[in-house]
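Q: My questions will all concern the structure given below.
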Amino acid sequence: MESFALHSLSATTTFSTSLYTRNSLLHRSPGPISITKSSSTAHSLSTIRSSTQKPLLFSPFHNKNKIFTSKSRILALDQESKDSPLSKSPEKPIPSLKGAKLIPLLISVSIGLIVRFAVPKPIEVTPQAWQLLSIFLSTIAGLVLSPLPVGAWAFLGLTTSVLTRTLDFSTAFSAFTSEVIWLIVISFFFARGFVKTGLGDRIATYFVKWLGKSTLGLSYGLTLSEALIAPAMPSTTARAGGIFLPIIKSLSLSAGSKPGDTSSKKLGSYLIQSQFQCSSSSSALFLTAAAQNLLCLKLAEELGVIISSPWVSWFKAASLPALFSILATPLILYKLYPPETKDTPDAPAVAAKKLETMGPVTRNEWIMVGTMVLAVSLWVFGDALGIPSVVAAMIGLSILLLLGVLDWDDCLIEKSAWDTLVWFAVLVGMAGQLTNLGVVTWMSSCVAKVLQSVSLSWPAAFGILQASYFLIHYLFASQTGHVGALYSAFLAMHLAAGVPGLLAALALAYNTNLFGAITHYSSGQAAVYYGAGYVDLPDVFKMGFTMALINAIIWGVTGTFWWKFLGLY
């Protein structure tokens with residue numbers, strides 16, 4: 001439930017690598033255990049072998065009547081040992097420098113200083129607001145350039161805002177109590193529960209068994225299983241690394257499709273591309289399918305766009321275009337990026353064998369099913385019952401902890417969750433204060449005047465702003481970071497141009513999911529899938545841009561009629 005390029009890549013790779021150690025889809029009987037010698041062990045054994053070739057003092061292998069009493073012989077042996085290259089201790093490595101990377105640090109800080117002291121302050125903006133904007137821009141630049149890990153850099157930005165008295169302490173830290181941010185944090189724990197219990201793996205394996213006789217059917221099985229899991233597992237990265245990539249790798253290897261090899265085109269490349277592109281629409285289908293969705297609605301609320309029954313409203317508006325995209329994408333890629341292997345007759349049998357090996361559904365899996373059904377039900381009907389979404393998530397997590405499905409150590413070691421808490425809170429807090437101080441309103445009014453000067457209607461302004469919001473993501477390596485930096489500003493521009501608020505808020509949020517598949521760094525799942533080694537980098541950019549255009553047509557055409565029918569405009 002993912003600074004941005006380097007952080008997303010490193011954090012996602014560490015997380016996904018730890019998940020891949022679980023059983024793969026092709027479960028085989030364990031073979032004989034082999035012990036691999038480490039380099040130090042080999043060194044020791046080599047030394048012992050070389051030393052046993054010579055008589056040793058008190059050695060049981062030499063003539064016991066022959067006793068070494070010669071001092072010169074002992075000294076000679078000692079000197080020989082010292083001169084041996086094996087006995088010389090290796091040179092100590094030069095310790096790497098810790099702390100911030102100098103060039104990214106200088107660039108990030110310079111951006112803020114230039115805005116603060118070199119750019120004239122507009123009359124409409126107060127000195128406090130202008131100073132906060134400079135700190136915010138410096139923070140965003142640092143999140144992109146990564147002079148420090150994302151959480152550390154965000155904390156420095158927060159410290160600067162307090163140190164310069166731009167914000168007082170309570171205001172600076174106010175976002176740490178945000179319900180939406182804590183809902184995002186808890187979503188990481190739910191994702192860990194799906195992986196730890198093996199429930200997600202079991203669901204995906206059933207779909208492979210039912211639909212996996214052909215490569216296209218296999219792709220549909222994986223895609224539909226992700227759409228089923230998505231509302232209860234609010235992390236696209238966790239779904240990719242913990243469930244679907246291990247299954248895709250196992251199926252591909254069994255078909256002779258190896259990463260980083262010409263054989264990757266047989267099966268693995270297509271399955272990776274299909275799952276990667278479909279994951280964007282799966283994340284857009286449900287409010288709780290991705291962390292950035294919740295953040296979008298929180299920021300929209302701060303600008304006065306309040307969505308009643310958010311879970312249901314989100315799903316109704318997204319359902320037709322998202323489902324159309326999910327069903328069309330595997331077939332489109334099958335034509336544009338075809339696999340060499342068209343049939344996979346062994347996949348259902350392999351899946352059935354895997355399910356047999358997994359055994360019946362375990363107690364913890366049943367608890368996970370019941371808990372997530374309860375949580376999703378409360379998310380759907382929470383408004384009518386008076387139960388906020390974050391409280392529903394807290395109830396679900398409490399059940400998992402009480403019944404032992406998760407323990408507190410599982411929560412503590414989920415570093416991504418706690419890191420997200422820090423930098424999300426910083427970005428949301430700064431963005432909220434920029435709104436309160438009038439900076440966002442000033443920026444949106446400037447854009448609105450430009451659009452009005454060229455006599456653009458609100459539908460035309462809507463299209464230009466949505467396209468701009470999408471294409472800017474080529475400069476970002478995190479969907480949530482993009483939202484924190486630009487969502488409020490672009491929503492304010494939509495409102496100033498006369499675009500209906502509900503339509504603008506939801507369309508920007510759906511767009512946030514769709515641009516997660518345009519590059520190998522555009523999202524957490526992008527790094528996971530590209531890191532598998534099945535897709536070449538030029539193909540990532542080529543198919544990412546192609547599918548972006550296709551999705552724009554799908555969502556634009558179906559959304560125009562569907563959203564009109566729902567009364568969004």
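Each residue, glycine too, has its Cβ placed from N, Cα and C.
Note that TrEMBL annotation is computational and uncurated.
Pulled these features from TrEMBL for this protein:
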{"type": "TRANSMEM", "residues": "102-119", "note": "transmembrane segment"}
{"type": "TRANSMEM", "residues": "131-156", "note": "transmembrane segment"}
{"type": "TRANSMEM", "residues": "176-195", "note": "transmembrane segment"}
{"type": "TRANSMEM", "residues": "364-381", "note": "transmembrane segment"}
{"type": "TRANSMEM", "residues": "387-408", "note": "transmembrane segment"}
{"type": "TRANSMEM", "residues": "420-444", "note": "transmembrane segment"}
{"type": "TRANSMEM", "residues": "456-477", "note": "transmembrane segment"}
{"type": "TRANSMEM", "residues": "489-510", "note": "transmembrane segment"}
{"type": "TRANSMEM", "residues": "543-563", "note": "transmembrane segment"}
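Help me see these features in their spatial surroundings.
A: Sequence-distant neighbours of the transmembrane segment (131-156) (same chain, 6+ residues past either end, Cβ-Cβ under 8 Å): 3-7, 99-102, 104-105, 107-109, 111-113, 115-116, 125, 164, 166-167, 419, 422-423, 426-427, 430-431, 433-434, 437, 439, 475-478, 481, 485.
Listed as Cβ neighbours of the transmembrane segment (176-195) (distance under 8 Å, sequence separation of 6 or more from its ends, same chain) are residues 1, 19, 22, 201, 229, 232-235, 238-239, 242-243, 288, 291, 294-295, 297-298, 368, 371-372, 375, 388-390, 393-394, 396-397, 400, 405-406, 410-411, 414, 416-418, 420-421, 424-425, 428-429.
Cβ atoms under 8 Å from those of the transmembrane segment (364-381) belong to residues 190, 193-194, 196-199, 202, 231-233, 287-288, 311-312, 387, 389, 391-393, 395-396, 399-400, 403-405 of the same chain, restricted to positions at least 6 beyond its ends.
The list of residues near the transmembrane segment (387-408) in space but at least 6 beyond its ends in sequence, with Cβ under 8 angstroms from a Cβ of it, reads 179-180, 182-183, 186-187, 189-190, 192-193, 196-197, 288, 294, 310-311, 364, 367-368, 371-372, 374-375, 378-379.
Beyond the ends of the transmembrane segment (420-444), by six or more residues, the same chain brings 3, 122, 124-126, 128-130, 132-133, 135-136, 139, 143, 150-151, 153-155, 157-158, 161, 167, 171-176, 178, 180-182, 184-185, 188, 291, 295, 298-299, 302-303, 480-481, 484-485, 487-489, 492-493, 495-496 to within a C-beta distance below 8 angstroms of the stretch.
For the transmembrane segment (489-510), the residues of the chain that approach it from at least six positions outside its boundaries are 284, 292-293, 296-297, 299-300, 303-305, 307, 313-314, 317-318, 321-322, 435, 440-441, 443-445, 447-448, 451-452, 456, 458, 461-462, 465-466, 468-469, 555, 559, 563, 568-569, judged by C-beta separation under 8 angstroms.
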